[in-house]
Amino acid sequence: MRSDGRKEDQLRPVSIQRDFLEYPEGSCLISFGKTKVICTASVIENVPNWLKGKGQGWITAEYSMLPRATQQRTIRESVQGRIGGRTHEIQRMIGRAMRTAVELTKIGERTIWVDCDVIQADGGTRTAAITGAFVAVADAIIKLHKEGIIEETPIKDFVAAVSVGIVNDRILLDLNFEEDSAAQVDMNVVGTGSGRLSEVHTMGEEYSFTKDELIKMLDLAQKGINELIELQKKLYVIQDGKWERSELKEVSSTT
């Protein structure tokens, strides 16, 4: 039993509340336990210079954290005048994950700009951000189609992410901050609804792991990703390749 009462292979309670903000084309508030992230998707009628004239779109992402999202206040990166390496890494990870999910040639020469803002952090902020960002992006694409701006809903697959780690020689799913701080091995995995993996980040902290442990961690991550995607699926109706929103505004793993 873990400090928060979960089993080793158990996710924290997860909830997704769509349309959390009024103005973006897509938005949600996603919670992984105490970790809470606002994810938005904004449609910009432009693409980077290197894509102009090529007839395809782009998806990019920004990630930030409120100063008091953590137990001790952190200084805003905008005040420091630079974005840290961790933030750059997470932003790129979110962007890559979203581009895995969408056929960019079918959204026209426009950019979907994803913003993920952590309002409370207790571990797993990047995996929560990716899982929530998919909902924001999918809702934005459905809105574009409904308004007749694009001809299809070019969403290729669901995408979600989860953390796995080795803590006190035990392999655990969806680490909270306490567990993440003590982890011998930390892994973040991004996967799709078809069971494929799009990104795996793994590193040991003064600890080397075996191939058998790696496989066990990947298997556990796949279990968590499957559960997250089952939750995402409740928000959509898919028929003959066409995506529409379901009537649900909020889904939770506890209901």
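Just so it is clear, glycine is given a Cβ too, placed from its N, Cα and C backbone atoms.
Cross-referencing Arg82, Arg86, Arg99 with the phosphate binding residues that Swiss-Prot gives (Gly124, Thr125, Arg126) picks out Arg86. Residues Arg86, Gly124, Thr125, Arg126 are recorded as binding phosphate; their most distant pair of Cα atoms lies 13 Å apart.
Other than the site residues Arg86, Gly124, Thr125, Arg126, same-chain residues with C-beta atoms no more than 8 angstroms from the centre of those residues' C-beta atoms, the phosphate site, are Tyr63, Ile90, Val118, Ala121, Gly123, Thr127, Ala128, Ala129, Asn188.
Taking Cβ-Cβ distances under 8 Å and a sequence separation of 6 or more, the neighbours of Gly124 (phosphate binding site) in its chain are Arg12, Phe32, Gly33, Thr35, Val162, Ser163, Asp174, Leu175, Asn176, Asp180. Cβ contacts within 10 Å of Thr125 (phosphate binding site), excluding its own Cβ and spanning all protein chains shown: 23. In the three-state DSSP scheme, Gly124 (phosphate binding site) is classed as coil.
Neighbour counts were taken as the number of other C-beta atoms within 10 angstroms of each residue's C-beta; across the binding-site residues Arg86, Arg126, the minimum falls on Arg86.
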